[in-house]
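Participant: Pasting in a structure now, in structure tokens, and then I'll have a few things to ask.
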């Protein structure tokens with residue numbers, strides 16, 4: 001999970017290009033703030049990734065609760081950042097305009113913490129059900145869980161729409177699942 005230093009971050013450059021194509025003036029304030037925060041922390045991480053990732057072992061047993069706040073805004077590499085922030089850009093533009101900035105900021109904050117809690121609960125359940133304590137050690141970073149929750153929320157507010165996933169028209173109610181599989185195939189892990 002260590003980031004390679006001293007290389008060109010093509011994903012970051014592509015992300016900045018995509019943001020410039022949309023135009024800063026067209027990005028609502030909270031969405032822009034989330035993008036800036038994630039990019040800033042990618043370039044200047046608070047701690048190394050193994051010290052911010054969330055796991056049952058670190059978050060629950062060792063009670064290192066700061067990981068609930070840090071893990072969603074740190075990314076494993078520039079492509080992880082790119083895919084998450086492009087998704088945030090589009091979901092944020094649609095949802096923040098619909099929900100208004102203050103409510104959208106609240107939702108992002110709550111989702112950011114709850115996703116880590118849900119992740120730990122699921123990993124703990126897997127460890128118990130499969131009798132495999134290694135699940136308690138699995139460590140995760142990134143904004144993907146928040147984005148998945150936003151996608152479900154977006155589907156709720158915009159039913160019956162068709163989304164474009166990798167060039168394929170998909171009914172919006174299924175798009176989040178197709179997007180999840182596509183991201184896993186494009187960028188496993």
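Sequential numbering from 1, following the chain as shown.
Using the three backbone atoms N, Cα and C, a Cβ is placed for every residue, glycine included.
According to TrEMBL, the protein carries these features:
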{"type": "DOMAIN", "residues": "63-183", "note": "domain 'Peptidase S54 rhomboid'"}
{"type": "TRANSMEM", "residues": "102-122", "note": "transmembrane segment"}
{"type": "TRANSMEM", "residues": "134-153", "note": "transmembrane segment"}
Participant: Could you pull out which residues elsewhere in the chain have a CB under 8 Å from any CB of the transmembrane segment (102-122), counting only those six or more residues past its ends?
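Facilitator: Long-range Cβ neighbours of the transmembrane segment (102-122): 28, 30-31, 33-34, 54-56, 59-60, 67-69, 71-73, 92, 95-96, 140, 143, 145-146, 149-150, 153.
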Participant: On the 0 to 100 pLDDT scale, where does the domain 'Peptidase S54 rhomboid' (63-183) sit on average?
Facilitator: 89
Participant: Take the domain 'Peptidase S54 rhomboid' (63-183) and count its residues per DSSP category (helix H/G/I, strand E/B, coil), listing them in that order.
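Facilitator: Counting residues by DSSP class gives 89 helix, 9 strand, 23 coil.
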